[in-house]
Amino acid sequence: MKYVVWSLVVILIILHQDFWNWDNANLVFGFIPVTLFYQVCISLGAGFTWFLAVQFIWPEKLEYIEQLEEKQGEE
Amino acid sequence: MTFEPGITQLVIISIYLALLLGLGLFSNRLFSGSSKDYMLASHSIGPFLLLMSIFGTTMTAFALVGSTGESFKEGVGVYGLLASSSGIVHSMCFFILGVKLWSFGRKYGYTTQIEFFRDRLESDKLGIVMFPILVGLVIPYLLIGVMASGTVIAAATKGAFPDFFTATGGGVPGWIGSLVVCGVVLTYVFFGGMRGTAWANTFQTIVFMVLGVVTFFVIASRIGGQDSIWENLKLASESIPRDKLVRAGNPSMSYLRFATYMFVPLSVGMFPHLFQHWLTARKASNFKLAVVAHPLFIMIVWAPCVLVGAWAAGSLVELPPPVKANANAILPFLVARFSGDVLGGFLIAGVLAAIMSSLDSQFLCVGTIFTNDIVVHYGGKNRFSDKQIVIIARLFIILIVAITYGLSLLDYRRVFTLGVWCFSGFSALFPLILAALYWKGLTKAGAYASVITAFGLWCYFFYQSDFAGNPHYNVLDMMPVAPMLLGSTLALVLVSLVTPKPSEETLQKFFPAKDS
C-alpha cells in the first residue's frame, strides 16, 4: 500500500501541472472556470490520498511512544 | 433606528474582539503556571483542536484577503498556484515531518526547532545562526497580518467618524486598527499561552470558515441583480474577463513559474510556530485528522475567495480607483457593497479571525524561541525558575509585538507578494529538516552550508525584486524559491559528503536500529 499511496502523491503532483487547460476559458456548470474546477478536484484528490495514507501506512511504531507516555501519566 | 455608515461594523468588530479577550482570560484560569504549559499546553491537545489550530495558523490574511486580491489581479489560476498545491504539500509535511518531530519532541523534551537541530547536529552555535534567520523570516509574516488587519478595519468602518478621520473617509485609520488587533492578540497570548492560542485559533477558524462561506453566498446572490442565485452565479462568471479565466499570456503564470510555485508550500516544514503546534499534540494519532482534512479545508476557504476575486475584475462590479489600486481592499469592499451593515460587520470579524489566528501563534513562538534558545540556553537551565521563564517569554512577546507594529507603520506591500517571499525563505530551509530526519549522512558543516546558502540567496533575490516591490520577479522564468531550494540542497549534500558525521551515539538516538 505504501507504493500505491506515494504513487498517488506523485500522480497528483503531475496532474497539478495542468498545462492542458492553460488557455481554456470554459465555465463548468455555467459558472465555475475550468481552471478553478480542475484544481478543486486536485484538492479533493489530495484529501482522498492522505486518507489512504493515514489508514494504511501510518507509522505504527509511534504507538510505542504513546503507550509509554500514557504509562508515565498513570504513574 | 439608523446609524452613521460604518458604526454597526465597528460595534460588531468590537464585540468580537471583546469575546476573544474573554476567551484568552478564561483559558488563563486553566494555566498551571509551568513553562511547559505556557509554551506547549502540556501536550494536551486532541485531534480536533490540533486540526483547527494548525489550519488556523497556516491560513492568514494571505488566505482570505490575499487570495481575493490576487485573483482580482492575476485571475483564477491563483488557486492552483498555492491552494491545491498546499493541499498536497502541507499534509505531506505533517505526515513525514510533523509526526516524526512530535515523537522526538516527546522523547527528548524539545520545545523549539533550534533545540532539535542543536541536538541532532551536535552543534551549539547552529542555534545562533538559525535564531536571527527564523525570527527574521517570521517578522514579515507577522507584518502581513498586522498590515492587513488595519486595512480591513479602515475599509469596513468607512463613514463612522467623518469629522475625526477625514483622510480615510471617516474610517478608523489603519494604524489604530492594527494597534487594537495587536493589543487583543497580545493580551490573550500573554495570559493564555499555548492553550489560549489553541482555543482562540479553533474559535477563530470556525468563525472565518463559516463566515467565508456565508460571504460567498451573499455576494453570489446579489452580484448580478437577479432573483435566482443560479442566474447571478452565471452572470458573474460570464463577466470575468478572459485574461482572468486562463493562465495563457499572464507573466505570473508561465509553465515554469506555475510548476516551481509548488515548492513554496514546503515552507510549513520549517515554520517555527507550526513546529510548536505539532508538539502540543497529546498523541501521534491526533495528527491523522489534520493530515486528511487540511486539503479540504483549504479548498473550502480558497475556492470561494478566488472566484469572488475574479468576479471583482468583471464588468458587474464597479470599483473606485483607491480600491482598484489596493488589492488588499477588494474583499472588504465587496463585503460592504453586497451585504448589509450587520452581515458586513460579521464578515469583517471573520477576516480578522483568519488574521489573528496566525498572529497569536507567531508571537508566542518568537517569545518561546528567544526564551528557550537564547536566555535559558546561555543563561543556564538552573539559573531561572519556571515562573521566571514564563515571565521572560511574556516580556519578549510584548517586545516583538511592539517591533512588528512599529515596522507595519513604515511601508506597504501587496500581502500576497510579501507572503510568498516569507514562505520562500522557509522553503529554502526545508532540505535541512528533511535531511535531519531521514539522512544519517547529514553533518554539522552541511547544515551550516545549507542555512547560509539559503539565507544568502534569499537576501540577494529579495534585493533584486526591489524588496518584494516587483510581484512578477522571477529567476530564469522560475519562482526564486526554486534556485534557493536547489542551492541549499546542493550545499547540504556536497558539504555533508566531505565533512565528519555526527557521533555514533547521536545517530543511534535519532536513527535507532528498529527504525532502519
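Quick reminder: no glycine exception, Cβ is built from N, Cα and C everywhere.
Note that TrEMBL annotation is computational and uncurated.
What TrEMBL says about this protein:
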- B:6-26: transmembrane segment (TRANSMEM)
- B:47-66: transmembrane segment (TRANSMEM)
- B:126-155: transmembrane segment (TRANSMEM)
- B:175-194: transmembrane segment (TRANSMEM)
- B:206-225: transmembrane segment (TRANSMEM)
- B:255-275: transmembrane segment (TRANSMEM)
- B:287-313: transmembrane segment (TRANSMEM)
- B:333-355: transmembrane segment (TRANSMEM)
- B:391-410: transmembrane segment (TRANSMEM)
- B:416-438: transmembrane segment (TRANSMEM)
- B:445-463: transmembrane segment (TRANSMEM)
- B:478-499: transmembrane segment (TRANSMEM)
Contact yes or no, the transmembrane segment (B:391-410) and the transmembrane segment (B:6-26), 3+ Cβ pairs under 8 Å, gap 6+: no
Highest-contact recorded stretch vs the transmembrane segment (B:445-463), from B:47-66, B:126-155, B:287-313, CB pairs under 8 Å: B:126-155
Region pair the transmembrane segment (B:416-438) / the transmembrane segment (B:287-313), three or more CB pairs under 8 Å: no
Contact ranking winner - B:206-225, B:255-275, B:333-355 against the transmembrane segment (B:47-66), Cβ under 8 Å: B:333-355
The transmembrane segment (B:6-26) vs the transmembrane segment (B:175-194): 3 or more CB pairs under 8 Å: yes
Long-range Cβ neighbours of the transmembrane segment (B:126-155) (under 8 Å; 6 or more residues past either end): 13, 60-62, 65-66, 113-114, 117-118, 168, 171-178, 180-182, 270, 272-273, 326, 328-329, 331-333, 336, 348, 351-352, 355-356, 358-359, 362-363, 365-366, 369-370, 373-374, 377, 400, 403-405, 407-408, 412, 415, 418-419, 421-422, 425-426, 429, 444, 447-448, 451-452, 455
Criterion met for the transmembrane segment (B:206-225) and the transmembrane segment (B:478-499) (at least three Cβ pairs under 8 Å): no
Range from B:287-313, B:333-355, B:478-499 with most C-beta pairs under 8 A to the transmembrane segment (B:255-275): B:478-499
